[in-house]
Amino acid sequence: MNPQTTPAAHTPPTAEAVPLIPLPLNTARALTTAGALLSAASTFLSWTWTTRFPGNLTVNGYPGGLQLLTLTGALLTLAYALTSWNIPGLRWLNPTGSHNATALLAIATLATTWYTLIAIAAQLGGLANLEPGGYTAALTTLLTLLGTLALPLDRRPADPAPATGRLSSTRAATAVRSALRTLGPGRTGKQPPLPRPLPPWAEILVIAAAFGLALGIVTYGIGTAYGELFTGFLLLAGFGTAGLARAGLLGRLTALTAKHRTPTVTAAFVAAALFPLTQDTDQYTLIAVNILIFSTVALGLNVVVGLAGLLDLGYVAFLGVGAYTAALVSGTTASTLDIRFPFWAAVLTGAAASLVFGVVIGAPTLRLRGDYLAIVTLGFGEIFRITVGNLNGESGPSLTNGPNGIPNIPDLVLFGYSFGKTHHLGSITLNPFANYYLLMLLFTVIVVLVFSRAGNSRIGRAWIAIREDETAATAMGINGFRLKLLAFALGATLAGLAGTVQAHVAYTVVPEQYVFAGPVPPNSAFLLAAVILGGMGTISGPLLGAALLYLIPAKLQFLQDYQLLAFGAALILLMRFRPEGLIPNRRRQLEFHDGTTTGSTLTHAEATTP
Amino acid sequence: MTTPATAPAKAPAATPVLTATGVTMRFGGLTAVRDVDLTVHHNEIVGLIGPNGAGKTTFFNCLTGLYVPTEGTVAFKGAKLPPKPHLVTKAGIARTFQNIRLFANMTVLENVLVGRHTRTKEGLFSALLRGPAFRRAEKASEERAMELLTFTGLAGKRDHLARNLPYGEQRKLEIARALASDPGLLLLDEPTAGMNPQETRATETLVHAIRAQGTAVLVIEHDMRFIFALCDRVAVLVQGEKLTEGTSEAVQADERVIAAYLGTPFEGAPGEEEAAEVAAAEARTEEGEENQ
């Protein structure tokens, strides 16, 4: 970007839309459109000469692997570039009419493309490994971004004139900083215009289509075969989602889903249930089952942390209690109890054991508040793991085989339907993990129902009141201790439920699965991170947070050594720029961004559906 | 509001609602409240005044179970109150706080619904099953909460977050939330602190309206005009002890009360001559400093 052309230095700090690069509007539009078109075209060229880089980017005329991601980004950018020409019929794509959306999409494309090219150069050793097609892609995506930056961009209303910053040593740095601030997270005061009303069936169709699309995207993400593709996918999906949110498209979708609760829930459930049918092998279904287990437990933790505001650092112990109970009564030869419960009884036993464990731990500890509670729960979580590791008949009573755990947990059989076998229902093939996936999905739905119903009731309000101000809550007649214990016990029970399935999916339970922090989720630290990263007090937040936290370590093997470091850095960045989590609870968003929000009321639907 | 708050509306006027006997509160060596007796009768507005640090709020906390009094008993309608805040509220005493303690991130309506907690019974299972009884109870709670919001003039703000309300309305919301528990006695801790005269007058009207519905009110306040205009009876607390108690006129005329607030004029209080001398001496000192 040409530093001489930074326009903002002479611009008064208004909320007006101002381009970062001064070009005539039509030139900027043309540049963006042409750039996006050329970027799309460049994916049909070969980017490298060898197939040693995964995904085969060598073919002319047929985009593959990461090129497909660039193509998707370029086409999206093209669509948004076309909206700037005020073409009738494209208006719905960009309800706010904000060019920032286009810019964010251009960034998404640029990031994915340049990441790919850098990865090629780094892996194969040098820029010489790039073919002209690669250079073309790099150039065209950059041109597109420059074009979008020349479009009028919204600034945040409170944004000061960028050139007055103290830190601006050079004008180029100022330009970059102002670009970051303009495009960064933060919301303009601009409210999108009200959508043209659609007939209800069309709205429901839109919801169904959105969930279909979401299923496609998630399936693609889970199914990415190599780390580079997953990173590219994350970059595109992250920036792309930010762009669509800025365009107001996601806001409209959220409004639709709030209007049609039942169709939305059904669509989400159906989309999730369709996932195993998109898979031929067990490989990714297993990942999906584990994501479901992780997110279900995270949602259970959300009752304790998000609703009642109790910081529980030993939550994974309840998952462990459920899993160990199910393993002990599963009839495995390694179990010290020579009994075999039917699955429903095992589930009830596991949940009940977790409930008892939760009450036993909660009763003494919940008299503490804040940090003290966190530390005590952390201790109890570790006590569970260490105790289980010692109940081996030598250092304690013989119950759990100590550190060796309980292996060979048999597959579930429910009404003669064996979960360990591949089933063919007509043209549908359900492999073992697909069976478990569907079972676990049922449990997830139960937990979602419990969360939303409990949260939106007299009990849920009392929990939130305790979270807000415990003294005032007790003065309003709320028995603080009892309700906190209830939240704790409910959370424990939900984790126990998930644990009973986990035991069968993993075939074996060992104490080391239930640590405070470790590289493999679920563990207490990751569970808490999933809740906070996704958005406390929401339903979709922990589900999304858990999915990300499971997929990222699973896909990015090269991160192994730096995983916790990267994780910490990501958390810090997220808490700095989006303290309310990826999917903000409307309540919390108001709390953190007070003053920059224009609509400060909650609609009734928003208030009652956490 | 269409329904009276609680059943005791029919009770005779002289029934004591609150009887505090010999309430003493010690924090280590410090006696914050010493042997205070106080009675609030049905349909009565009683004021509690005293200089800063006199132990008014401590006494309030003893009444509401936030503190367990070291000695003495508190009884509500003849029954001894258990020393647990939520049980006190359940028995029929609701309170507001000196520094507003709303549930800041809940909506106005939700705040009042939380106040209904003791008067509703729906547990976790009925919330999970969502039977007709649950829906009925939720609907009834919401109706009652809306009644109270209309009563306090906040009905139009039901979906605002409590934290976004202006100060005066936050005070009102705290009162509405307290009233939601259908109390027989309402304790107001400095309800007009930080209010302008119009808002103070509005609060006065509101408190009268609350009394008209059969709820007795005990109010702590520093605004003397407010207290003396509002209360049937005023008790004065000084250094943890009850100095006097009586009608507004009697308390206003009591020299000990004036002394407690303004201090006693001591023997040979400075007259005009001495004051002039002091001023002259000060002026001289200042001149000397300037010359140096």
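A Cβ is built for glycine as well, from the same backbone N, Cα and C atoms used for every other residue.
As recorded in TrEMBL, the features of this protein are as follows:
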type	residues	note
COMPBIAS	A:595-610	compositional bias 'Polar residues'
REGION	A:588-610	region 'Disordered'
TRANSMEM	A:30-49	transmembrane segment
TRANSMEM	A:61-82	transmembrane segment
TRANSMEM	A:103-122	transmembrane segment
TRANSMEM	A:204-223	transmembrane segment
TRANSMEM	A:229-249	transmembrane segment
TRANSMEM	A:284-308	transmembrane segment
TRANSMEM	A:315-337	transmembrane segment
TRANSMEM	A:343-363	transmembrane segment
TRANSMEM	A:370-388	transmembrane segment
TRANSMEM	A:433-451	transmembrane segment
TRANSMEM	A:485-505	transmembrane segment
TRANSMEM	A:525-552	transmembrane segment
**Among A:61-82, A:229-249, A:315-337, A:370-388, A:525-552, stretch most in contact with the transmembrane segment (A:343-363) (C-beta, under 8 angstroms)** = A:315-337
**Asked** So, do the transmembrane segment (A:284-308) and the transmembrane segment (A:204-223) meet, by the test of 3 or more Cβ pairs under 8 Å (sequence gap 6 or more)?
**Response** yes
**Prompt:** Taking 3+ C-beta pairs under 8 angstroms (sequence gap of 6 or more) as contact, is the transmembrane segment (A:61-82) in contact with the transmembrane segment (A:229-249)?
**Reply:** yes
**Message:** Short question: most Cβ pairs under 8 Å with the transmembrane segment (A:370-388), which of A:204-223, A:229-249, A:315-337, A:433-451?
**Reply:** A:315-337
**Request:** Grab the same-chain neighbours of the transmembrane segment (A:433-451) for me: Cβ-Cβ under 8 Å, and only residues 6 or more beyond its ends, written as numbers and ranges.
**Result:** 269, 272-273, 275-277, 279, 282, 285-286, 288-289, 292-293, 295-296, 299-300, 302-303, 412, 414, 417, 419-420, 423, 490, 494, 497-498, 501, 504-505, 539, 543, 610
**Item:** Residue numbers, six or more beyond the limits of the transmembrane segment (A:315-337), whose CB comes under 8 Å of its CB atoms
**Value:** 297, 300-301, 304, 345-347, 349-351, 353-354, 357-358, 361, 377, 380-381, 383-385, 388, 398-401, 406-410, 491-493, 495-504, 506, 508-509, 511, 513-516, 522-524, 527-528
